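Feature list (source: Swiss-Prot):
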type	residues	note
BINDING	Asp45, Ser46, Asp84, Lys112	3-methyl-2-oxobutanoate binding site
BINDING	Asp45, Asp84, Glu114	Mg(2+) binding site
ACT_SITE	Glu181	active site, proton acceptor
Amino acid sequence: MKKITINDLMTWKHEGRKFASITAYDASFAQLFEQQEVPVLLVGDSLGMVLQGKPDTLPVSVSDIAYHTRCVRAGSPNTLLMADMPFMSYSTPEQACESAAELMRAGANMVKLEGGAWLAETITKLTERAVPVCAHLGLTPQSVNIFGGYKVQGRDSDHAAQMVKDAILLKNAGAQIILLECVPASLAERITKAVEVPVIGIGAGNVTDGQILVMHDMFGISANYMPRFSKNYLAETGDMRTAVSKYLEEVEAGTFPGPQHTFE
């Protein structure tokens, strides 16, 4: 697989070509994903739940993400690699730059931050310092205690309108990817059309430019439960490589996620 860059994702958006991405945490799975030509991988703070057995993502540290980023980069030299900025690692622009520097040195091509309009200054500071940014909107798991649980976001008109404004603001601040989690498909479509950068969805319908799944959900090995927006591809195929290929095919064809994986 040739080396994937943000320019490739931009081209695919303009061409209407959908793409898939997966979370990864170690070199072996990263290598498997690259061999199947998964273009984008994310070292997610979801590792706190799926690897460390924590109830949420809040205990994850920058050092945790950096360690797993090094592992994933070792196994996938050509994928576009995003790394999550953990809870309270970007409270100020200055702290964000320090945290991002550690993750970029570990091998990330881009960092992902959760939040809305308040992130604009931080995103600008990061991009001015050559750190590409993915802005995560909708259900932001680091805010689970504010939301009172893992709930669909943007169902009321005011919240939806604000999310569209936030996406445009953060794109204008320098974000090169927008990630939408657990939002109605109609809202995801509005945002995807409103911004010129690629939009990746998880629980946001098949209307976004790309999709992402947590690998443990995709392989049906999550310890607790299967989110509605996910799909156990391993159960359907019986083989991990075939499972990844089927996921890629269905995303590119627009058949995943289907209505049963989508919120309205």
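Glycine residues also receive a Cβ, built from the backbone N, Cα and C atoms like all the rest.
Location within the structure of each feature annotated in Swiss-Prot.
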| residue | record | CB count, 10 Å |
| --- | --- | --- |
| Asp45 | 3-methyl-2-oxobutanoate binding site | 29 |
| Ser46 | 3-methyl-2-oxobutanoate binding site | 21 |
| Asp84 | 3-methyl-2-oxobutanoate binding site | 31 |
| Lys112 | 3-methyl-2-oxobutanoate binding site | 24 |
| Glu114 | Mg(2+) binding site | 24 |
| Glu181 | active site, proton acceptor | 22 |
Between Glu114 (Mg(2+) binding site) and Asp84 (3-methyl-2-oxobutanoate binding site): CA-CA distance (Å): 9
Asp45, Asp84, Glu114 excluded, remaining Cβ within 8 Å of their centroid (Mg(2+)): Gly44, Ser46, Thr57, Val60, Met85, Pro86, Phe87, Lys112, Leu113, His136, Pro141, Gln142
Rounded inter-Cα distance in Å - Lys112 (3-methyl-2-oxobutanoate binding site), Glu181 (active site, proton acceptor): 13
